Amino acid sequence: MVYLEAQKLGRDFPGVRALDEVSITLTLGRVHILAGENGAGKSTLVKLLTGSDTPSQGSIRIDGKDPWQHPEIFETISYVPQELTLFPHLSVAENLFMPFWRSGHGRRVIDRKGMERDAKEYLDRFAIEARPGDLVRQISVPDQQLLQIARASTNRNMKVLILDEPTSALTATEVERVFSVIRDFRKAGLAVIFISHKMDEIFEIGDDYTVLRNGREIETGQIGDCSESELIRAMSGKALKVDDDFRPRGTKTDRVPLLSVRELSGKRFENVSFDLFGGEILGFAGLVGSGRSEVMQTLFGFLRAKSGSAELEGRKWKLGDTSFSVAQGMLYLSEERKHHGILPLLSLRKNIGISILDRTAGRFGISARKESAEVAKVIRDYDIKTDSMGKRISLLSGGNQQKAIIGRAMATSPRVLIFDEPTKGIDVRTKAEIYRIMRDLAERGVAVILISSEMEELRKCASRIITMHAGTTTGEFQTENTTNETLVAAIFGKESASHEA
Amino acid sequence: MKRNPLALIAANPLMGVFIALVIIFAISIAASPHFLTGYNMSVIARALAFVGLITIGQAMLMILGELDLSLGVIGGLCGVVAGMAMTSGGLPPIVAIPACLLLGAMLGALNGLLVSILKLHSLVLTIGTAGVFGGVNLVLTKGVAITGMPPEIQFFGRGEVYGIPVPFIIMLVVLAIAVFITAKTPFGRFMYAIGNNVAAAEMLGIKVNRIRVLVFTMAGLLAALAGLLMVARLGTAQPSIGETWVLAPIAASVIGGVATTGGVGSPLGAIFGASIIAIIENIIVLFGVSPYWQGVVSGVIVVLAISFDSASRRLIRKES
Amino acid sequence: MTSGMNGLVPALRAIAATTTAVVLATAFPAFAQEEPGMEVKDSYRFVIIPKVVHPWFDQVNNGAMQAAQVIEAQTGSKVEIVYSAPQQADVVQQNQIIESSIATRPDGIAVDLLDASGNRASLEEAVGQEIPVTIFDSVPPEGMELTSIGNDFCEQAKLASRRLVELMEESGQVAIMMGVPSAPNHAIRAQCHEEVFAEYPNIELVATGIDNDDIETAQKQAAAIMQANPDLKGWVASDAAGPIGIGQAIQEAGKTGDVILVGLDNLPEMLQLIRDGVAESSSSTRPEMQGYWSIMAMWQQAMGIDTPKYIDTGIDFITKEDLE
């Protein structure tokens with residue numbers, strides 16, 4: 001029985017169409033797979049279906065009713081986000097039934113005994129290894145993940161359950177626990193939306209599927225009628241157009257590597273080895289959590305290495321010391337601009353000036369004149385839009401902040417530059433500018449590493465791509481003679497032979 | 001662009017607190033005939049000198065995003081140890097004073113090392129070390145002051161040069177150095193960077209731990225200097241020296257635009273803030289305000305001073 | 001500091017014995033108008049600086065106000081009393097108040113010194129600025145010729161402890177509540193209590209509490225000590241807050257009448273405890289009198305008349321009868 005039907009949904013944000021004519025139909029007693037790359041529009045769609053955002057176009061009918069006329073009907077849809085949103089310092093039972101009045105555990109005074117008794121039922125049903133009185137921070141991450149699902153199911157009116165990558169932090173046996181819960185829900189006549197990147201899971205649990213790409217609905221059907229490779233092709237799209245190629249020209253791969261990394265292991269990754277040549281852009285592909293950022297942060301010295309070594313031009317590389325790395329000309333530009341990049345309370349001038357102090361500071365301190373001149377040059381060269389260099393950097397737009405950070409890094413004449421998701425949250429035009437900057441750098445002989453979740457971006461910029469899955473490298477490919485399907489398969493953990501040219 | 005008088009404040013974040021200081025100064029002159037006398041100015045200058053040295057250290061730590069609640073206690077302990085060294089220890093001041101400055105620097109460095117190694121919040125850690133340093137003070141003195149300081153050190157506490165108290169001159173010299181370090185040197189820039197965003201500072205290759213330990217060391221050194229000057233001033237080493245140097249320097253820094261969360265402000269602003277507090281304490285006595293009302297009166301003036309600063313800032317933001 | 005004070009105590013006692021309680025004018029033969037005491041001023045302003053904000057000093061202030069009224073009534077000169085107390089019992093803060101007060105050019109400053117040697121520099125400044133300084137409830141720094149007004153702390157304590165011993169018929173367990181250990185007057189009192197108890201072989205001192213001149217602390221300490229020593233029969237204290245806390249602890253333990261308390265000083269709560277029969281009596285300084293004579297001494301000095309080195313205000317022994 002069809003419970004929810006969405007027709008030609010669209011959602012516009014200023015300057016961006018996040019969702020465009022997407023339709024989806026949910027049937028009770030079936031599991032619907034929602035598939036697509038990062039940024040394909042999955043979370044926008046989920047927001048519309050749960051009523052936390054309103055569509056710009058299209059219509060939704062739930063149980064035959066228009067939910068905008070009957071908003072209470074949204075209460076029949078439960079959503080379990082990918083990240084943990086529990087209260088770590090409260091008990092398992094309290095987390096399950098918060099807010100208490102909704103679950104009937106007291107409006108003013110909380111009935112703890114009754115609540116813990118009811119909690120026991122849920123814990124048994126979901127096979128969560130915890131007592132109702134335990135604090136959430138004391139129980140394991142998989143149990144927390146399951147508890148989140150249990151929490152959603154305390155909603156007695158629930159008809160639709162949306163699970164956003166519920167298995168990303170789980171091992172195989174724990175995944176099985178989640179699946180048995182999903183099967184129970186299916187048997188009980190609920191509709192489930194299951195969002196996942198993992199092919200084996202999709203084919204094990206799914207009944208129907210919808211693939212999104214760039215905000216558009218690409219394919220819809222039944223899992224039984226579709227093969228793994230078809231699904232991957234639907235997610236990754238067709239080959240790229242020729243005109244937007246930002247790969248550096250004149251790269252020769254037969255030279256001695258500038259940097260070679262051997263069997264590096266650290267937090268969330270193991271045994272990573274690769275060579276990096278001057279003048280190339282080396283792509284690192286992988287899903288969020290595959291360990292690609294951790295590899296680079298460890299190489300840069302921000303995270304501690306467990307084992308392994310690296311050499312720059314044949315000389316031993318010192319791990320675990322960012323100031324050594326910077327002194328040797330290696331810079332890391334984090335995807336977390338807010339957390340790792342800008343100095344939010346300082347002016348644009350001081351944000352850029354901080355990395356060129358060796359040129360601006362003399363015996364009588366930092367020369368304001370020299371600094372202004374140098375910073376003005378960076379602002380001009382990288383086309384940073386600001387009314388004055390004295391403006392606080394946090395007041396600039398995201399794209400201009402990113403250009404400022406890149407400009408700051410360039411001003412130090414680096415030899416190895418690591419870009420981690422440099423175009424996250426950045427509009428299309430600025431994206432192209434950043435690609436051009438990377439290409440220019442590489443053509444000047446700098447070795448560039450580009451970490452990205454977007455296949456398209458990697459294919460446009462990188463001459464070589466290394467794929468990672470679950471903390472290990474799964475392949476190394478020459479971009480020119482590798483299909484998108486091969487790459488996507490590699491980042492989803494499908495073993496394949498390296499395509500060395 | 002129109003020339004707005006408020007634009008001055010916008011151009012320099014120190015202007016707000018400076019204008020507040022000038023207003024309080026002007027009101028004091030108008031309100032009490034005893035305020036603007038040479039003697040009273042030297043009274044205020046001297047009161048400002050000791051707490052000002054602590055304030056400079058604390059403000060630098062706050063720029064870094066840290067706090068040291070043990071600075072007052074370090075001052076007291078170093079004063080007491082210097083007192084003992086120069087009396088029962090029989091050491092000449094020329095040996096005892098540098099040794100105790102070094103002791104203060106080492107205690108500060110210890111705080112910095114513990115914060116860096118244990119990755120603790122400095123507020124929590126220094127509550128602990130303040131207890132330890134204060135306890136050592138009591139063990140050494142049994143709570144009793146040490147008398148009989150050599151007369152030659154009194155110049156540093158009581159002396160005047162052209163009518164200006166020596167401790168105040170010392171504080172001004174320290175302030176000038178601190179302002180130069182924070183505003184004009186790479187080291188100072190790195191302090192602000194760390195206070196803004198530790199992770200970003202590390203990504204920029206800044207040696208975060210080394211700078212943190214060094215700033216703690218400087219603050220400890222300044223605390224010891226304040227303690228020693230106070231011993232020279234009192235002529236005795238009081239175990240209670242520094243007890244009132246805990247909250248006032250933090251309040252002064254905040255009034256002067258140094259955020260407790262780090263990354264902004266200047267030691268100069270903090271000294272403006274300390275001056276406001278010193279003037280308030282002085283005029284409360286000049287006016288003969290009832291001791292039961294003193295807390296209320298000084299609190300209200302401080303709140304007014306801070307609101308003036310933030311109100312003028314908000315006004316500017318609206319204008320631009 | 002404490003040892004210096006201890007040495008001074010016998011000396012003070014000797015002076016107190018030989019001087020009548022009040023000696024105001026050391027007679028100078030009167031000559032012409034230029035002589036001290038002959039000029040009439042329209043107004044006087046005196047500053048009183050206590051150790052800290054504390055009710056005991058409010059009583060000092062009351063006595064000072066009374067003296068001001070007397071002088072006004074008798075001479076017609078206006079007298080203003082400025083009362084400036086440190087918010088914390090801290091020498092540095094007290095010095096700042098002394099110095100700021102000097103800046104107002106008063107006709108006299110009366111200080112209860114927190115620490116004679118630590119206050120010295122500021123006092124010397126006042127003298128240097130030719131402002132008369134009087135000390136009350138404490139002893140002036142060595143070598144400074146200043147008039148001091150107060151009473152014999154040891155005598156005060158001994159009056160209390162002797163009374164307790166008498167009430168206990170010279171036998172049983174007793175306890176002492178100390179004030180602030182580093183405050184000389186508190187330390188002297190505790191020590192003199194001990195000396196008295198040591199004279200009687202059947203009196204056993206079982207505990208000494210420390211209350212830091214705080215009623216709540218005194219109450220907690222006293223309750224714990226009585227818990228640990230169920231046979232405790234008597235209490236004495238060394239500061240004004242101590243007996244009030246002890247009295248509360250005795251009431252809460254339901255031991256009124258079983259445990260004898262001889263108190264100290266005359267704060268309103270202390271007097272109430274005597275009225276309620278919780279405390280038998282109190283050996284009290286006379287804060288009003290100290291305030292009164294501080295003003296009188298400063299007034300005399302302001303007129304250029306020398307004042308005695310020491311004015312002993314004596315001790316009140318307060319019992320229930322006195323309060324009816």
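Including glycine, each Cβ sits where the backbone N, Cα and C put it.
Taken from TrEMBL as is:
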type: TRANSMEM; residues: B:6-31; note: transmembrane segment
type: TRANSMEM; residues: B:43-63; note: transmembrane segment
type: TRANSMEM; residues: B:69-87; note: transmembrane segment
type: TRANSMEM; residues: B:94-114; note: transmembrane segment
type: TRANSMEM; residues: B:120-140; note: transmembrane segment
type: TRANSMEM; residues: B:161-181; note: transmembrane segment
type: TRANSMEM; residues: B:213-232; note: transmembrane segment
type: TRANSMEM; residues: B:244-261; note: transmembrane segment
type: TRANSMEM; residues: B:293-311; note: transmembrane segment
Which of B:69-87, B:94-114, B:161-181 shares the most C-beta pairs under 8 angstroms with the transmembrane segment (B:244-261)?
B:69-87
At an 8 Å Cβ cut-off, counting only pairs 6 or more apart in sequence, do the transmembrane segment (B:43-63) and the transmembrane segment (B:161-181) clear the bar of 3 or more pairs?
yes
Looking at B:94-114, B:120-140, B:161-181, B:213-232, which one has the highest count of Cβ pairs under 8 angstroms to the transmembrane segment (B:69-87)?
B:213-232
Do any residues, 6 or more residues outside the transmembrane segment (B:161-181), come within under 8 Å Cβ-to-Cβ of it, and if so which ones?
38, 42, 45-46, 48-50, 52-53, 56, 59-60, 155, 187-188, 222, 225, 229, 233, 266-268, 271
